[in-house]
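Some notes on the structure that comes next.
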């Protein structure tokens with residue numbers, strides 16, 4: 001977001017510099033046009049004055065008056081030439097000012113563009129550094145998640161192993177209880193050998209039955225495995 005705002009700022013600066021340059025060029029052109037119009041008016045006034053002196057001389061003026069008219073005409077012509085020259089100088093000065101102002105605006109615009117490019121380059125560099133930091137943080141977070149998952153799996157494996165060991169111990173304890181139950185004939189001297197044998201077999205059968213029941217229960221709780229033959233193996 002910050003990078004986009006900086007890019008928009010540089011773009012606005014560039015557009016503003018272009019608008020300022022165009023405005024300065026327009027003002028210089030307007031000044032040049034005004035100077036040209038002023039020179040044209042001065043030249044026209046000189047021509048009008050020269051034309052007015054000609055008819056006065058043709059009207060029959062003689063002697064000193066004719067001489068004065070001739071001198072006036074000469075002076076008017078000189079003045080018109082001077083005004084024309086001054087107008088030309090004004091036009092040239094206006095053109096020079098226009099060129100100077102345009103060049104200044106162009107330099108300012110180029111400077112603004114360079115500054116905008118520099119700011120944009122800096123913003124891109126900063127954005128790249130920020131992305132690198134984010135990627136590094138994401139990698140560290142992913143690594144921590146993997147470590148935590150491995151620890152959880154290890155804990156579950158230990159818990160399952162402990163549960164299996166406890167189940168096996170309980171089964172052995174039950175078998176021992178059945179074998180040593182009073183009246184079972186196992187290890188009691190008051191019974192005959194035949195009775196002891198019969199009761200021992202009964203105890204073994206009972207222990208086998210309990211073990212089979214426990215194994216059947218464990219098999220029923222185990223999830224079914226699907227093989228490539230599309231069959232179920234329990």
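The backbone N, Cα and C atoms fix where each Cβ goes, glycine too.
TrEMBL lists 8-18 (among others) with the feature compositional bias 'Basic and acidic residues'.
Summarising the annotation, TrEMBL assigns compositional bias 'Low complexity' to 40-60.
Look at TrEMBL and you will find 67-78 (among others) tagged as compositional bias 'Basic and acidic residues'.
TrEMBL lists 79-88 (among others) with the feature compositional bias 'Basic residues'.
Summarising the annotation, TrEMBL assigns compositional bias 'Basic and acidic residues' to 89-120 (among others). Taken residue by residue, the compositional bias 'Basic and acidic residues' (89-120) breaks down under DSSP into 32 helix, 0 strand, 0 coil.
For 127-144 (among others), the entry in TrEMBL reads compositional bias 'Basic and acidic residues'.
Across the compositional bias 'Basic residues' (145-157), DSSP assigns 13 helix, 0 strand, 0 coil. Summarising the annotation, TrEMBL assigns compositional bias 'Basic residues' to 145-157 (among others).
Annotation comment: TrEMBL describes 158-174 (among others) as compositional bias 'Basic and acidic residues'.
Feature annotation from TrEMBL assigns compositional bias 'Basic and acidic residues' to 193-207 (among others).
Per TrEMBL, the feature compositional bias 'Basic and acidic residues' maps to 214-228 (among others).
Residues or ranges marked as region 'Disordered' by TrEMBL: 1-25 (among others).
According to TrEMBL, the region 'Disordered' annotation covers 39-234 (among others).
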